[in-house]
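Okay, so here's the structure we're looking at.
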Amino acid sequence: MFVDQITLELRAGKGGNGVVAWRKEKYLPKGGPYGGNGGNGGSILIETVTNMYSFEEYRNLRFLKADDGQAGASNNRTGRNGKDLVLKVPEGTLLRDAATGELIHDFTKDGERIVVCQGGRGGKGNVFFKTSTNRAPTKATPGKPGEIRLVELELKLIADIGLVGFPNAGKSTLFNTLARTEVKVGAYPFTTLHPSLGLVHQEGMLYQKTWIMADIPGIIEGASQNRGLGLDFLRHIERTRLLLFVIDISGIERHSPEQDLKILMGELLAYKEELKDKDMVIALNKIDQLLPDEREERVALLKQQFPDQEFILLSGLTGEGVDALYDLFKSKLSE
């Protein structure tokens, strides 16, 4: 199951108590303070890892707790520290305080690690309180409680290429062709119900460059107002380096390609206007369903209405135009 939002209560460990104890030697039944300090409670940390793409492993959890520190002991022994708890999250995770909405951290790189809840300090044993004027202190302190925090984790996928289009535009078929995967396809809306990730590289190339591609669930008119799958997955568009709009040029499933493109761009800009500055290419898909003259006519009309856009013709089903698309990826996504 794809889980890209979750709320968790995080509880760091409590510090162990300090103890009152005395040295016991022959002929010296109370030979001075000998009680040790408590161990520190375990902290809770969050760390990004590769090859993780959702919060699925946390979906049935409501809270997580680190270990408590152990109490001190006689012979001035310090209690064992509680073990830290490290939560693994995908790159692209936003960590927020659930109570205030404050952004705590934006995890964008592998290996980032921060402390979210600090473990409580261990209490002091009576050895700590020995002074020149108080040789036999009877005081010890309890351990401090660990921090408790209610947090929200939100994932915005980080991918090189994001496939965007209406349901049944052929995105999943094209995704399968490019990433050589088996994403479910079918002739009904919302075949793709959650983002799919795949690795794209050109077969037969001596020096291959691999890109991460995300197939975003189909967007419908009104998605920016949360219709259809709506805002659930529009967030994943924000971090892709290149947006690949997949338009059904055949016009068989829906209305005209020009109208599709106009509505699609309008929905994305209504969701977040800054998306207009993102690099984008329009993939005119299903050209195998048109005669050559029909292709030329429809492409000419699209270029006339969208003169600033870059178009590429292809068929995800037959593979026509796919090599040109690989070349485009190389030129657009080169370091």
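Using the three backbone atoms N, Cα and C, a Cβ is placed for every residue, glycine included.
Annotation comment: Swiss-Prot describes 1-158 as domain 'Obg'. Confidence annotation: the domain 'Obg' (1-158) carries a mean pLDDT of 93 in the model.
The domain 'OBG-type G' annotation in Swiss-Prot covers 159-334 and rests on sequence analysis.
Reduced to three states, the DSSP call for PRO217 (GTP binding site) is coil. For 165-172, 190-194, 215-218, 285-288, 315-317, the entry in Swiss-Prot reads GTP binding site.
Marked as Mg(2+) binding site by Swiss-Prot: SER172, THR192. For SER172 (Mg(2+) binding site), other Cβ atoms within 10 Å of its Cβ number 26.
Reduced to three states, the DSSP call for GLY165 (GTP binding site) is coil. Taking the binding-site residues LYS171, LYS286 in turn, the residue surrounded by the fewest other Cβ atoms inside 10 Å of its Cβ turns out to be LYS286.
The distance from the Cα of SER315 (GTP binding site) to the Cα of SER172 (Mg(2+) binding site) comes to 12 Å.
When the alpha carbons of PRO217 (GTP binding site) and SER172 (Mg(2+) binding site) are compared, the span between them is 9 angstrom. Neighbour count (other Cβ atoms within 10 Å of the Cβ, all protein chains): 20 for ASN168 (GTP binding site). DSSP assigns LYS171 (GTP binding site) to a helical segment in the three-state reduction.
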